[in-house]
């Protein structure tokens, strides 16, 4: 490989070279470390540092905000913090650690008043997000790294319903200190089970004054709206150069090229889309995606990520409320020419495409969006309320909680309920978060279905306090993915996310699977795989299933398949809890306790592996409590000893969870 050579020039100071190294480190990273070829980004050399005005504003970033983000929130918070820096006479930059050579981190200390901020989300069972995995590995492997002189702080994003609450943020905070870095503000802990936005805003409000005090910078706190992007309309453009929904490469949906991943999804044709439940007002569905010829490989327990689109009726409604032509071709260009993020989403494109494919128009907007949009309300009362909701006052927080969050108001609902609010569409597009991929546990085994990926999901639809009907973006989009639509095959942009949720290496190990509702998804793959192993003449351990639903005659998912697996001996035990078919509700944990002797024998004597999939907030906790009780009673232990016993099973990979809240 060729090495990028930076010519020495008298105009370049050491500070320039540091920043160029940080920005261009990705080049070496991609060339030396990537497993598959990727285009190497080009980075322009920076001008000599300029100091101007009383605030000594600088032309290169001294506040770098690294983010570990799976669903986009960590990236969103990083962008807000980098924008904040400008209000304090500094220059910030949000950075994806996957795109930088983090081994150069120590050199940040050579830039005056420099600070590394880490917005780190935790994913799955205490894991780093995909884009922070390499950074996590680097932190773990480099014990002799000297980060003394590096100033840092961490804001962690997590959810208290999960076992390993904010594990990644806590680890980064602790590890940077161990390597000699200086923490200049306390670790912030955000809880998505409570109010993540409020946690972030409260932390941020104390953080910036502490930064100003640390660096001896005047806390200007300029609260005026700061634009990051400028709109450019294209009146005469070749439409082949316009993005129409592609995630990465232009026209990648017309000409598909492997390997397929988050930046290059595969368009998988839908071959099956059927309703699973026999009755009831919910819609539970089974879809099958054809991956023939894609070279995509998956294992039982992996997740499939799909890229949904917003409902066209909602997009049209937004255009109507703002009184704009959605089919204008535009680019939103970063005002900071040195930034490596040139656009907030693929450009050039149309407003219609941006609002359909790239932007989340259905989630409740965060407080910074309300604050920035308030200036466009012609009614002073609307302006006042929007600014109040974005403030840190108890009254403002309560209003935001009730009027926006509890009422599940999207930006469309806010525009409907505040007729005086008419923001320019380009500013709105700059502020809205990116529409994210949705993850589903794969409901099939590649041993049985090498060219097909199965999805099991429930359509989300509910009424809000304002009397509106809100619909889940992805599940309603999937529901409408008919096998043939006007003679055309329906397709789903998708890729595979590898998981640690795996069957035991030894097929002779018993497995205990607990998955009520759509939590059964990965276990359909496990059951298929155990059946396939038996057909190959392999010795297979006990395979025990605990499933739960509301009514036997309504939502007993995959009833025929499960009963057939029991009949053929693939399932050695099938236990089903019908919660509402009798006076007292019966759940999976009740069946576990009823079969406690068999459970304890399998776990304690036969090295069984336990798997739980489904709701994290209630079910997973109740199931864990049931295992504590069984261990305490039949293992003759105290509650503390029983808890330690189960925790050790987790550490050994014999108690695995694939849960969501």
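Placed from the backbone N, Cα and C atoms, the Cβ positions cover glycine too.
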Select from 12-31, 32-51 the stretch of residues annotated by TrEMBL as transmembrane segment. 12-31
Given the binding-site residues 121, 456, 474, which one has the fewest other C-beta atoms within 10 angstroms of its C-beta? 474
Proximal but sequence-remote residues of the same chain as residue 69 (FMN binding site) (Cβ under 8 Å, at least 6 apart): 75, 76, 78, 119, 121, 129, 131
Rounded Cα distance in angstrom between residue 585 (NADP(+) binding site) and residue 124 (FMN binding site) is 29
One finds that other Cβ atoms within 10 Å of the Cβ of residue 162 (FMN binding site) number exactly 23
Which is it, of 159, 579, 589: the one of these binding-site residues whose Cβ has the most other Cβ atoms within 10 Å? 589
Counting Cβ atoms within 10 Å across all protein chains shown, which of the binding-site residues 282, 438, 585 comes out on top? 438
Near residue 72 (FMN binding site), which residues of its chain come within a Cβ-Cβ distance under 8 Å, counting only those 6 or more away in sequence? 360, 433, 434, 436
